[in-house]
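Heads up, the thing below is written out as structure tokens.
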């Protein structure tokens, strides 16, 4: 019975063990599908299921018929034009990170948008070049393709060997196709959950480190220095060493241009951020500075007068598709997997933000398919891997973009540049593109502030951020990502391997039990210990669990058991020789000079000392906490009941089951009753299947709650001094109620407590 009285509640019910609860309340039989059942369901097909699959594979079929032309079209047009202009500039700039000519960045900004329009589930993200992925692809290109013209690479694009450029483009395209295939396979296999292994802290630390890599890699373009390309661990330090050893060769014109562009871009981005509510659209500062820089470079003939590096030849139209290299596949499978996972993680996290903001669903597996197909098409047409750039997606959303129609229109802008006006960008300095690339890193570089916030919230997450950053900086992006994931998983193991176990006590004299160290006024029944483990118990932490339990109770049950068995052997010898008598006042030893050989006892097999104590052959009972014969001393223990709170223990493995049963047996053999509370039915069923129970450890030790176990102990022990019992009421039945004012107490008008075992 449950009765609500104001802000209190009164509960009257029997005290239940898990076994008696199951006997009184029968569970319904549920049919659990087997693997064959799931296989049949996957292989079966109906018209309704086929329609559902088609709609999931092509989300455009769901939202395009419901498109509100009058309400959304104008906003999408404005957003598409703004996003397209940004995409053009970012494509050109991020191509430098891949170590290929800027023109190929336009392909990377065009093809993924087209495929995502049909296959994507997010309405607001802008798919295309992303600096972190561009940097990761560039690292692979640098490693696979050796540069024969490193010293003259920066002078002009025309000095680069055509076959060398084609080889770099082939590697970038092959890596992109392979990462797309990996994403497509993961999506088809419905394993989009892999992104959960990249926590927000890890992604933040990794992208911040990638931003540092981008910053360092662009120094050679901003200063126009002949810096060799490095791809091995510590490459960032080698690049910095090369830059500073050649700093006297800096092209002043490129340096001044870069600084001016960088300062102006940062200032106007701050203005856009601060006054975004007042501006109808963000100021397209990248476009404005690109137009100005191109005009000045062309009008003043910077290339000939100051020897600056320019974009150079921009062939109009598309190049024919290529077949990816299988050899590159074999050499870059690990890098491609990292690119695939990072690209999906970034895109999915940004898409999730907008889906929550505008209240529409996204499908992680379908996003994998969409990104995979996008990268496959992009790589086939000589583009490089993409995801979603935060700044570009922000432009698409902030300028009023409602659907991917805005993305399609942005692709039209890129298309116009590719087929018609790309040649106008030929005088543009590469240092300007480098400065624009750095201008888009502000958000990622600002993530350093996460360290302080994470330190206050969660030390483990803060450590993950710091170590991820260090790994990515020192080892490079590929190895750094792998090491970061491994470290993150290690922290999870560490948290479960060393859980914060605690001893609980009653708070408020009700059914509430909390860590007794956290409260001043607690009640802990004499001889009862409540121990809580807040994590799964498995092979790695069963030893830690046992040690913490021993620390909580204050003694080792195995040590007590062995000492009692040793003492029992001595008592048997004394009794057989007639040297001991049992009286109501205790033992009387008739020979004070009797001494047994400790060495003889110590040489007994340990297995015998670990067996249950058996006193049936003696004509008297032994009170191990009472007085024992002379020369026989063993530690006395006041504990008679131990409650293990397993409400947070989600699973046990086979190894830990054996260890747990051994621990329980040790306590039971020294007459300490053990109770386990808070487990679910599946937990107990698994123990039964694994033959956990025996004559000593039975399923009757399981109770629904801590309070059920406490009430059972109080009634079983029938305390004469407990505040829960009264010596004047020993002859009548005990009754309890839960009351927030008086706690557990006896009342004259009671609901009988039924103890069922």
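Glycine residues also receive a Cβ, built from the backbone N, Cα and C atoms like all the rest.
Under the heading domain 'STAS', Swiss-Prot lists 518-713.
Look at Swiss-Prot and you will find 149 (among others) tagged as N-linked glycosylation site, backed by sequence analysis.
Sequence annotations record features per position, and here Swiss-Prot assigns N-linked glycosylation site to 161 (among others). DSSP classifies residue 161 (N-linked glycosylation site) as coil under the three-state reduction.
The motif 'PDZ-binding' annotation in Swiss-Prot covers 754-757 and rests on similarity to another entry.
The feature topological domain 'Cytoplasmic' is assigned by Swiss-Prot to 1-71 (among others). Across the topological domain 'Cytoplasmic' (1-71), DSSP helix (H, G, I), strand (E, B) and coil residues number 34 helix, 10 strand, 27 coil.
Taken from Swiss-Prot, the feature topological domain 'Cytoplasmic' applies to 115-124 (among others). Residue counts of the topological domain 'Cytoplasmic' (115-124) by helix, strand and coil are 5 helix, 0 strand, 5 coil (DSSP-based).
Under the heading topological domain 'Extracellular', Swiss-Prot lists 146-176 (among others).
Per-class residue totals from DSSP over the topological domain 'Cytoplasmic' (198-201), listed helix then strand then coil: 2 helix, 0 strand, 2 coil. The topological domain 'Cytoplasmic' annotation in Swiss-Prot covers 198-201 (among others), and the record cites a curator's inference as its basis.
Summarising the annotation, Swiss-Prot assigns topological domain 'Extracellular' to 223-250 (among others) and lists a curator's inference as the type of evidence. For the topological domain 'Extracellular' (223-250), the DSSP-based tally of helix, strand and coil residues reads 15 helix, 0 strand, 13 coil.
What Swiss-Prot records for 272-278 (among others) is topological domain 'Cytoplasmic'. Mean pLDDT, taken over the topological domain 'Cytoplasmic' (272-278), works out to 83 on the 0 to 100 scale.
If you look up Swiss-Prot, you'll see 300-335 (among others) marked as topological domain 'Extracellular'. Sequence-distant contacts of the topological domain 'Extracellular' (300-335) (same chain, at least 6 residues past either end, Cβ-Cβ under 8 Å): 92, 101-103, 107, 136, 139-140, 144, 154-158, 170-171, 173-175, 177-178, 221, 224, 251-254, 257, 379-382, 418-420, 422-423, 425-431, 433, 478, 482.
Taking DSSP states H, G and I as helix and E and B as strand, the topological domain 'Cytoplasmic' (357-367) has 6 helix, 0 strand, 5 coil. Swiss-Prot lists 357-367 (among others) with the feature topological domain 'Cytoplasmic', giving a curator's inference as the kind of evidence.
Marked as topological domain 'Extracellular' by Swiss-Prot on the basis of a curator's inference: 389-404 (among others). In the topological domain 'Extracellular' (389-404), helix, strand and coil residues by DSSP number 9 helix, 0 strand, 7 coil.
Proximity of distant same-chain residues to the topological domain 'Cytoplasmic' (426-462), defined by a Cβ-Cβ separation under 8 Å and at least 6 residues beyond the stretch ends, is recorded for 89-90, 92-94, 96-97, 102, 131-132, 154, 199, 201, 204-205, 207-208, 210-212, 214-215, 218, 221-222, 224, 251, 254-255, 257-259, 261-262, 265-266, 269, 286, 289-290, 293-294, 297-298, 302-303, 308-314, 389-391, 491, 495. As annotated by Swiss-Prot, topological domain 'Cytoplasmic' applies to 426-462 (among others), with the evidence given as a curator's inference.
Here Swiss-Prot flags 484-757 (among others) as topological domain 'Extracellular'.
Residues or ranges marked as transmembrane segment in Swiss-Prot (evidence: sequence analysis): 72-92 (among others).
There are 12 other CB atoms within 10 A of the CB of residue 161 (N-linked glycosylation site), with all protein chains counted. Just going by CB pairs under 8 A, the stretch in 125-145, 251-271, 279-299 that sits most against the transmembrane segment (94-114) is 125-145.
For the transmembrane segment (177-197), the partner stretch with the highest count of Cβ pairs under 8 angstroms, out of 72-92, 279-299, 368-388, is 368-388.
Secondary structure counts, DSSP: the topological domain 'Cytoplasmic' (426-462) has 30 helix, 1 strand, 6 coil. A Cβ distance under 8 Å defines the sequence-distant neighbours of the transmembrane segment (368-388), meaning residues of its chain 6+ beyond its ends; these are 57, 95, 98, 100, 104-105, 107-112, 114-116, 119-121, 125-130, 132-134, 136-137, 169, 172-188, 192, 318-319, 321-322, 324, 339-340, 342-344, 346-347, 350-351.
Cβ atoms under 8 Å from those of the transmembrane segment (463-483) belong to residues 132, 135-136, 139-140, 199, 201-202, 204-206, 208-210, 212-213, 231-236, 334-335, 338, 341-342, 450-451, 454, 491 of the same chain, restricted to positions at least 6 beyond its ends. Counting only same-chain residues 6+ beyond the ends of the transmembrane segment (72-92), those with a CB under 8 A from a CB of the stretch are 102-103, 105-109, 113, 126, 128-129, 281-282, 284, 286-287, 290, 311, 389, 391-392, 395-397, 399-403, 405-414, 417, 425, 428, 433, 436-437, 440.
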